[in-house]
Amino acid sequence: IHKLYLDAGADFIETNTFSGTTIAQADYGTEHLVHEINYQSALIARRACDTVELETDRKCFVCGSIGPTNKTLSISPSLLEGGVDVLLVETVFDTANAKAALFAIRSLFEDEEIMEVPVFLSGTIVDLSGRTLSGQTGEAFLVSTRQGKPSAVGLNCALGAKDMRPFIEAMANFSEALIICYPNAGKQFAMDGLVNIVGGCCGTTPDHISAIAKAMKGVTPRQPPPDPNEGNMLLSGLEAMTVGPYSNFINIGERCNVAGSRRFCNLIKNGNYEAAIDVARVQVENGAQVLDINMDEGLLDGPYAMSKFLRLLATEPDVAKVKYRGRRHSGQI
């Protein structure tokens, strides 16, 4: 199967490991085979690439597919051992899990015996709103995962190429990384200057890849710009925020502070989190761009209150779109 896609013109192929984690394999009672599954899958893809390289004298690459999970460290070493050229964290709908995956991979690369390879990161959006399932825009997704230093970022699955274009364009204008786009099978077209790597996701056949390869001939790939956010501070809630030398005044709401608001403090002490969320919501409705949140009070279990409040805020899109500033006077929160 790998060779069919390579023969059709693919330069990159993915390992068959999207669900190769201990979490996914637990459904089948095969957790003990996770290393072997990932290692052999990488080896099979590697051999297909090596065969085509010998036959055609062109370079082919293996992407180690890592599905949306926070158990990346359990499979990355096996993929690397099997010979992948790239680690691909894909179909991301939960940014927190993606950050955990990127952190695990970067931790793995700290081992001097393990050769570092490029890391690609691809999110997925739920509909024409252009947001991930957890509610983030593409730009906010890039800000949240920036510290993982992916070599390429982009989108896959969800939509066809035509519908995905505006969201890819926004990401291309926001990032200095390579841009990758592989939507679900459908009518393909060249997006001049927007992408570096294109392909297909669910439903994509060798015929689709052949059509894409032909369409890409002669098309100039995107030239990654210098960091468009150099010198700026980047923040993200559900939406991205850029703070730079020429930014206007930033409005910070300070009513979600047990030390500064007696009403908010009493609400938290009494466990009335629904009303406490309303305090946050009113500030956002009145123009707050950042919420200052402080649960540091002697009669409170601060870490518990902070964790619960933030988790509840995450379920309120009209509030979670802004950024949070956590404040503490002790070292526990």
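Our numbering is plain: 1 for the first residue shown, then up by one each step along the chain.
Just so you know, glycine gets a Cβ as well, placed from its N, Cα and C.
The annotation Zn(2+) binding site is assigned in TrEMBL to C157, C201, C202. Take the CB of C202 (Zn(2+) binding site) and look out to 10 A: across all protein chains shown you find 12 other CB atoms.
Residues annotated as domain 'Hcy-binding' in TrEMBL: 1-216.
DSSP assignment over the domain 'Pterin-binding' (249-333) gives 37 helix, 16 strand, 32 coil. Per TrEMBL, the feature domain 'Pterin-binding' maps to 249-333.
The local packing around C201 (Zn(2+) binding site), expressed as other Cβ atoms within 10 Å of its Cβ over all shown chains, amounts to 20.
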